[in-house]
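Written out below as structure tokens is the structure these notes cover.
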Amino acid sequence: MCNGKPAPTALTNNAQSTDTISTNTTKKLLEVTNDELRSHNAPSDAWCAVHGKVLSITDFAARHPGGDVILLASGRDATVLFETYHPRGVSDKLVEKLQIGVMKEGEIPPSYYSWDSEFYRTLKSRVVARLDELNLSRRGSLEIWIKAAILLIWFWYSLVQMYVSPFTNAIGWCISMGAAAAFVGTCIQHDGNHGAFAQAKWLNKMAGWTQDMIGASAFTWEFQHMLGHHPYTNLLDEEEDLKKGNGVDCPILEKDQESDPDVFSSFPIMRMHPLHEPAWYHRYQHIYAPFLFALMTIAKVFQQDYEVAMSKRLYHIDATCRYGSKWNLIRFWGMKIITSGYMIAVPCYFHGIARGLALFVIGHMTCGELLATMFIVNHVIEGVSYAKKNTVEDAAAATAAADIKESEGEEKKSAETENNDTTVHPPSTMYGTTPMEQTRSDAAAKSTSGKLAYVPYNDWAAVQCQTSVNWSPGSWFWNHFSGGLSHQIEHHLFPSICHTNYCYIQDVVEKTCAEYGVPYQAEPNLFVAYKKMMAHLKFLGNEKVKSS
């Protein structure tokens with residue numbers, strides 16, 4: 001919450017209750033406050049918290065099998081990153097070796113998520129078993145490397161042809177270059193920055209660098225995508241959202257990290273979350289949305305990248321762990337100068353300033369439109385759910401209600417059930433329904449015992465399934481075409497698995513969801529998904545505007 005102190009809540013601290021990490025008994029451990037943890041947020045001084053244990057990762061980053069991506073955990077509660085990037089688990093001995101302390105009781109801000117159910121653990125074991133059965137590496141291999149080579153050749157060939165062709169032909173090559181840039185983004189840099197492109201750390205780094213090659217900053221993308229959107233999909237902190245609406249911007253150290261920047265920041269004048277207040281112009285958003293989508297990459301290249309690099313902050317996310325390094329800043333500014341040369345200056349040299357700038361804009365609009373078309377349908381579409389963290393008042397009211405029920409002698413399903421089903425806003429659709437209620441009922445009816453292994457509404461993996469939507473599930477072609485975006489549920493559950501594997505594990509994920517009563521929404525193809533996305537935007541934009 002944006003108030004410097006954790007909000008009252010009846011939720012237990014799931015980070016403290018887990019038994020996945022053994023207790024360190026061989027050395028004296030520090031008691032660390034949240035402010036102290038956040039102060040160790042630079043590449044040269046990096047701590048993180050995992051399930052309530054404080055780890056020093058400064059020296060380990062150089063030996064980390066996934067590369068320096070681990071430094072994104074600096075100065076924060078990295079439990080989500082720890083759980084989701086290691087489907088095979090992490091050695092207790094390694095964690096014990098890195099541990100220097102524990103979070104002081106009451107210092108970890110209450111999380112929206114629960115890690116108590118067996119759902120995600122079962123998913124991970126089954127997916128790992130499928131990869132082993134098919135002899136597939138978790139990270140990428142020849143399949144994605146061949147595709148990467150083809151896409152890079154396509155990009156550079158189109159760019160050179162744009163230089164030397166007559167202007168009318170150059171427009172076509174410019175559109176081709178923009179499309180190639182979009183696929184470089186979805187099929188190369190995406191996996192590279194997630195550490196999934198290859199086993200070799202240097203190959204992942206080079207693949208991630210292609211984001212800089214097409215003009216944007218991989219570092220800024222990491223903050224928005226890997227620290228904001230991925231862990232906290234479609235989740236908003238209602239307390240901070242209300243404060244922002246009242247013009248209050250809290251200091252970065254007081255901001256709650258559990259909020260998805262994609263649903264409140266990527267596109268201005270868009271209403272993409274039911275929690276946001278509707279405005280009169282939102283009723284037209286389904287009409288102007290495609291134009292805004294086309295401008296997405298231009299805005300990121302010319303505005304967001306520079307703002308984040310200079311302020312070392314992306315909205316509520318501290319960006320010091322990347323931009324606190326002088327070498328990373330040299331890379332940032334160096335690549336901005338170089339890409340401006342071959343994407344702006346050289347076209348202006350061959351075609352004149354006006355036409356050269358026009359080609360640059362056309363290329364970016366092609367790239368932005370194609371990217372937005374493939375990924376917005378995954379989280380902003382009919383049937384998808386949204387989540388919100390309790391305000392202080394909501395949490396207090398929920399706690400009081402739970403206490404009243406207990407005092408009246410109502411039977412509780414379990415402490416876990418009460419904590420997660422009565423004091424948390426369950427993810428719900430724009431209509432206010434909770435799809436997981438129906439899928440729970442369906443799964444229980446199909447169970448031979450009539451009982452169902454309990455999965456809380458706010459189980460992290462279950463929330464990812466409720467807030468993400470697939471299209472063309474199981475299709476090898478569309479999986480490759482989209483860089484795995486067509487299997488968005490699988491990608492959010494397993495971001496460190498190369499996208500070329502998603503079509504092979506899709507059926508495992510879907511069947512496990514059905515078994516545990518967790519929603520799994522999939523559209524037959526991209527065109528149906530896009531149509532439903534536009535209908536969803538129209539509905540969100542046409543809710544009644546509150547009179548002032």
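Glycine is no exception: its Cβ is also placed from the backbone N, Cα and C atoms.
Predicted automatically and left uncurated, TrEMBL annotations should be read as such.
According to TrEMBL, the compositional bias 'Basic and acidic residues' annotation covers 403-416.
Here TrEMBL flags 29-104 as domain 'Cytochrome b5 heme-binding'.
Summarising the annotation, TrEMBL assigns region 'Disordered' to 1-22 (among others).
According to TrEMBL, the feature region 'Disordered' maps to 402-435 (among others).
Using a Cβ-Cβ cut-off under 8 Å and counting only residues 6 or more beyond its ends in the same chain, the transmembrane segment (144-164) has close neighbours at 170, 173-174, 176-177, 180-181, 183-184, 187-188, 191, 197-198, 207, 210, 214, 342-343, 346-347, 350, 359, 363, 480, 498-500. The feature transmembrane segment is assigned by TrEMBL to 144-164 (among others).
The transmembrane segment annotation in TrEMBL covers 170-188 (among others). When Cβ-Cβ distances below 8 Å are used as the criterion, the transmembrane segment (170-188) is approached by residues 144, 147-148, 151-152, 154-155, 158-159, 161-163, 197, 207, 210-211, 213-216, 347, 351, 355, 359, 362-367, 370-371, 374-375, 480, 482-485, 499 of the same chain, each at least six residues removed from its ends.
Cβ atoms under 8 Å from those of the transmembrane segment (332-352) belong to residues 159, 162-164, 167, 170, 212-215, 217, 219, 305, 309, 323, 359-360, 363 of the same chain, restricted to positions at least 6 beyond its ends. Annotation comment: TrEMBL describes 332-352 (among others) as transmembrane segment.
The feature transmembrane segment is assigned by TrEMBL to 358-381 (among others).
The list of residues near the transmembrane segment (358-381) in space but at least 6 beyond its ends in sequence, with Cβ under 8 angstroms from a Cβ of it, reads 162, 170-171, 174-175, 177-179, 181-182, 185-186, 214-215, 233-234, 262-263, 272, 290, 293-298, 301, 343-344, 347, 351, 467-471, 482, 485-486, 488, 523, 526, 529-530, 532-533, 536-537.
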